[in-house]
């Protein structure tokens, strides 16, 4: 049976992981958090002193995911999207969160001031939405509000319906 590949992207703190894990458990699709994948496989290419974090080796991440993506049925969660092959995804969801809510979420993660400000700026200027629109066909890129628990539930239901329809359309 053919299954779709879904990309969840957006600024850190918008709720990609919460949504992705819940969606995977309800839909039976496989969930991949690129940050965790990189950590487990040490898929890094140096260290960013300014942000105090390792630099992702994008080519190795793509190599690592290629087989799963070809098989299908994968939910990928990452705060960047311009290095994934366009052919991988059937739909792309960019999660959006109000700045004040996002600020609080990132603060609880212990982000330093520079990292906080840069991520808030990233959200204000819709950086990831623009990146997604530039990287994928416009008609497959959708924004989802991600401020409160009710919206999480709405998003799960909306995406679940989309998955069901996609599966019907591609397996008859």
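In case you wondered, yes, glycine gets a Cβ from its N, Cα and C as well.
Residues or ranges marked as ATP binding site in TrEMBL: 13, 15, 16, 17, 18, 109. Remark: residue 15 (ATP binding site) has 95, 97, 146, 152 as non-local neighbours, by Cβ distance under 8 Å and separation of at least 6 in sequence.
Under the heading region 'NMPbind', TrEMBL lists 33-56. Note: the region 'NMPbind' (33-56) comprises 8 helix, 10 strand, 6 coil (DSSP; helix = H, G, I, strand = E, B).
Outside the region 'LID' (108-118), and at least 6 residues removed from its termini, the chain residues within Cβ reach (under 8 Å) are 12-13, 50-52. Annotation comment: TrEMBL describes 108-118 as region 'LID'.
Long-range contacts of the region 'NMPbind' (33-56) within its own chain (CB-CB distance under 8 A, at least 6 residues past either end) are made by residues 17, 20, 64-65, 76-78, 80, 112, 114-115.
Between the binding-site residues 16, 109, 16 has the most other Cβ atoms inside 10 Å of its own Cβ, all protein chains included. Broken down with DSSP, the region 'LID' (108-118) shows 7 helix, 0 strand, 4 coil. A Cβ within 8 Å of the Cβ centre of 13, 15, 16, 17, 18, 109, the residues given for ATP, is found for these other residues of the same chain: 12, 14, 19, 105. Cβ neighbours within 10 Å of residue 17 (ATP binding site), excluding its own Cβ and spanning all shown chains: 16.
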